[in-house]
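What TrEMBL records for this protein:
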- 134-151: transmembrane segment (TRANSMEM)
- 180-200: transmembrane segment (TRANSMEM)
- 212-232: transmembrane segment (TRANSMEM)
- 258-282: transmembrane segment (TRANSMEM)
- 294-314: transmembrane segment (TRANSMEM)
- 305-347: domain 'Cardiolipin synthase N-terminal' (DOMAIN)
- 326-346: transmembrane segment (TRANSMEM)
């Protein structure tokens, strides 16, 4: 519209006495308006591609800006109230390759150009949000205080006797152990194996700053009370893992379907043994829970491990790219021991899933 107005004015000679001074300005405006100016995707531009003298107003997407080493291009950021022109950093060319799939020997890896992205975005070393860690630490501290000072301890001698019987340090003296207590004891022996299969390798802390294996070993004796400090210090994502590592100990054992099958079958047998116990046996166990420090602490340990297991199932499911197809397993993981055990049996092998996030040089 403005171009036609200028052309009509020029053709009809309706300019004032100073029109000869404005001639260069008119020519410049005519030349600029005749060409499309790409300021933003959100604004219409003039197109002069038709053969006739008409100019059509239409939406036009600007072409991709190419980075040249000789000159620095300029782009305009779109906004509601204006456009601001700024230079495009040459390093943006590397940042466009920030996430891509690359096949390499030993498996498929998802690679991220972390270095280039941090250069474009500026200082990417954002401070860690410690809110969750602080809350977990406070929960662990309160739990430890309860365990040491508030749990019932009415039968210490009987606790020692029960412990010797469960460890087979005392021979057959005719006393029949409570079936629910025996089942709980053996389930607590299987939980460290389940957590090892969930935390190695997908539950490791970022850059291996905090190794997980000492906490897993201590959990064989301390249960959830020994794993809690790792939950506090854990920082995702997990470091990369190569396919060759999956063939070495202990990953080959923990990733084995045979291991998952045996642990799940053992868990089913133990829980069935406890479920078939009579009502009197469960009442007796509840009485033990109210009086015995040993049984009280072990029961709370089982509850904590069952509570945190669904989170680590979800973490492992996400790392193996099964959060969509295997989402039906997540509600089942709420079932104590049996849910996580079923997931470990049905989850895909790491040899067929890309979980690496190794920074590589873009090609």
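Glycine too: its Cβ is placed from the backbone N, Cα and C atoms.
All TrEMBL annotations are machine predictions without curation.
The transmembrane segment (212-232) shares the most Cβ pairs under 8 Å with 180-200, out of the stretches 180-200, 294-314, 326-346. On the 0 to 100 pLDDT scale, the domain 'Cardiolipin synthase N-terminal' (305-347) averages 90 in the predicted structure. If you look at the transmembrane segment (258-282), the same-chain residues 6 or more away from its ends with a CB under 8 A from one of its CBs are 178-180, 182-184, 186-187, 190, 193-194, 197, 337-338, 341-342, 344-345.
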